[in-house]
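Student: In case it helps, TrEMBL gives these features for our protein:
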BINDING   Arg41  L-glutamate binding site
BINDING   Ala76, Ser77, Trp100, Thr148, Asp167, Gln190, Asn232, Thr233  pyridoxal 5'-phosphate binding site
DOMAIN    5-335  domain 'Aminotransferase class V'
MOD_RES   Lys191  N6-(pyridoxal phosphate)lysine
Amino acid sequence: MKKHNFSAGPCILPEDVLKKASEAVLNFNGDNLSLLEISHRSKPFLDVMEKARSLALELLGLENKGYKALFLQGGASLEFLMVAYNLLDKKAAYLNTGTWADNAIKEAKAFGEVLVVGSSKDKGFNYVPKGYAIPEDVDYFHCTSNNTIVGTQMKTFPKTNVSLVCDMSSDIFSRQLDFEKFDLIYAGAQKNMGPAGTTLIIVKEEILGKVERHIPTMLDYQVHIDKDSMANTPSVFAVYVSMLTMQWLKDLGGIPFIEEVNNKKAALLYTEIDRNSLFKGVVAKEDRSTMNATFVLTDESLTATFDKMCKQAGINGLDGHRSVGGYRASMYNALPLYSVQVLVDVMQELERTI
Ligand SMILES: *Cc1c(COP(=O)(O)O)cnc(C)c1O
């Protein structure tokens with residue numbers, strides 16, 4: 001039986017998507033060739049790329065609104081650099097809500113002045129800063145919607161006239177937001193969209209072309225837009241599997257549908273964390289992530305017992321990030337509610353056995 005996969009990334013993908021992906025590796029499109037051995041310029045693959053780009057915009061409700069979708073390489077980490085390369089003229093504002101945000105700030109500093117308008121670094125990023133002000137004269141404001149590592153999530157986004165740029169790597173397509181408020185969204189595929197190897201970038205084209213510096217070809221968003229995300233050989237497999245996952249989500253009912261499921265999963269687990277005296281959460285309650293729920297045992301001597309019980313129940317990937325420890329249950333779109341129920345049952349079983 002398939003395991004209950006709470007892995008933080010790369011992470012669970014829908015069973016049906018994995019089946020279709022494995023078929024395409026052997027015989028893509030009924031052409032008796034593997035997806036992995038055909039030209040990326042062939043019509044069947046060009047159709048995949050176009051479908052992936054249009055599904056991304058469609059799911060977010062951003063079609064025909066001046067946005068372009070790109071599937072590039074280099075991970076979300078390269079976007080820390082590319083965002084600043086393409087958009088930072090003099091000054092940018094950043095919100096520091098976690099290790100990934102911190103890395104984005106480090107990269108941006110090479111390009112201009114970086115104002116950190118809010119930070120929860122002093123408390124190990126266990127909450128989301130609020131009440132910060134964004135100056136009107138910055139080129140953009142950068143934030144990270146979901147702190148994958150510690151398990152906090154921005155529930156609201158600031159009202160500002162400044163361009164909003166957001167790293168949505170670990171909660172893209174998980175909840176409804178007013179996506180039109182954002183001028184640039186990026187997300188590494190391997191958290192909630194597909195396998196590792198490609199990054200989705202959604203960019204409002206009109207914000208580009210405002211910096212003076214020379215931008216290297218492969219780091220220039222405009223180049224990738226002009227080449228329809230085919231400036232060089234794309235990650236064909238990662239784009240294909242991302243496309244299948246987006247199609248899977250669309251067929252289920254899109255973001256409105258999956259948001260309800262995600263809320264149910266999160267409510268089920270957090271209710272148990274709060275009820276069961278053997279466990280406790282580690283971040284501010286109002287900022288808890290629906291995607292990555294972090295918790296610890298109140299009595300560490302139970303670790304071996306709990307770990308063993310999880311293993312016996314077929315639970316995988318529950319270890320906290322190596323920088324934090326404890327437990328982290330990642331409940332991305334493809335994780336069924338049933339898997340969360342299995343975890344909750346084990347937590348209750350632990351309570352009964354001790
Ligand atoms: C995982 C993650 C990253 C890093 O992604 P890579 O694709 O490995 O570069 C960046 N931001 C967030 C929020 C993440 O969860």
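Just so you know, glycine gets a Cβ as well, placed from its N, Cα and C.
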Student: Would you mind sorting out which binding-site residues among Arg41, Asp167, Asn232, Thr233 put a C-beta under 6 angstroms from ligand 1?
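Tutor: Going through Arg41, Asp167, Asn232, Thr233 in sequence order, those close to ligand 1 turn out to be Asp167.
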Student: How many other Cβ atoms are found within 10 Å of the Cβ atom of Ser77 (pyridoxal 5'-phosphate binding site), counting all protein chains shown?
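Tutor: Summing over all protein chains shown, Ser77 (pyridoxal 5'-phosphate binding site) has 16 other Cβ atoms within 10 Å.
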Student: Are there any residues at least 6 positions away along the chain from Asp167 (pyridoxal 5'-phosphate binding site) with a Cβ closer than 8 Å to its Cβ? List them or say none.
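Tutor: For Asp167 (pyridoxal 5'-phosphate binding site), the qualifying residues are Ala76, Glu79, Phe80, Trp100, Ala101, Ala104, His142, Cys143, Thr144, Ser145, Tyr186, Ala187.
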Student: How many whole Å apart are the CA atoms of Ser77 (pyridoxal 5'-phosphate binding site) and Arg41 (L-glutamate binding site)?
Tutor: 27
Student: Can you give me the Cα-Cα distance between Arg41 (L-glutamate binding site) and Thr233 (pyridoxal 5'-phosphate binding site) in Å, rounded to a whole number?
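Tutor: Checking the Cα atoms of Arg41 (L-glutamate binding site) and Thr233 (pyridoxal 5'-phosphate binding site) gives a distance of 9 Å.
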Student: In sequence order, which same-chain residues at least six apart have a C-beta under 8 angstroms from Gln190 (pyridoxal 5'-phosphate binding site)?
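Tutor: Listed in sequence order: Gly9, Pro10, Cys11, Ala196, Gly197.
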Student: Write out the long-range same-chain contacts of Lys191 (N6-(pyridoxal phosphate)lysine), meaning residues 6 or more apart in sequence whose Cβ is under 8 Å from its Cβ.
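Tutor: When sequence neighbours closer than 6 are ignored, Lys191 (N6-(pyridoxal phosphate)lysine) has Ala8, Gly9, Cys11, Thr148, Ser169, Ser170, Asp171, Ile172, Met291, Tyr332 within Cβ distance under 8 Å.
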Student: Could you state, as a whole number of Å, the largest distance between Cα atoms of any two of Ala76, Ser77, Trp100, Thr148, Asp167, Gln190, Asn232, Thr233, the listed pyridoxal 5'-phosphate binders?
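Tutor: If we measure all Cα pairs in Ala76, Ser77, Trp100, Thr148, Asp167, Gln190, Asn232, Thr233, the largest is 30 Å.
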Student: Provide the number of Cβ atoms within 10 Å of the Cβ of Ala76 (pyridoxal 5'-phosphate binding site), excluding the reference atom itself.
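Tutor: Excluding its own Cβ, the number within 10 Å is 24.
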Student: Rank the binding-site residues Arg41, Trp100, Thr148, Asn232, Thr233 by the number of other Cβ atoms within 10 Å of each Cβ and report the first-ranked residue.
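Tutor: Of the binding-site residues Arg41, Trp100, Thr148, Asn232, Thr233, the highest Cβ count within 10 Å belongs to Thr148.
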Student: Where does Gln190 (pyridoxal 5'-phosphate binding site) sit in DSSP terms: helix, strand, or coil?
Tutor: helix
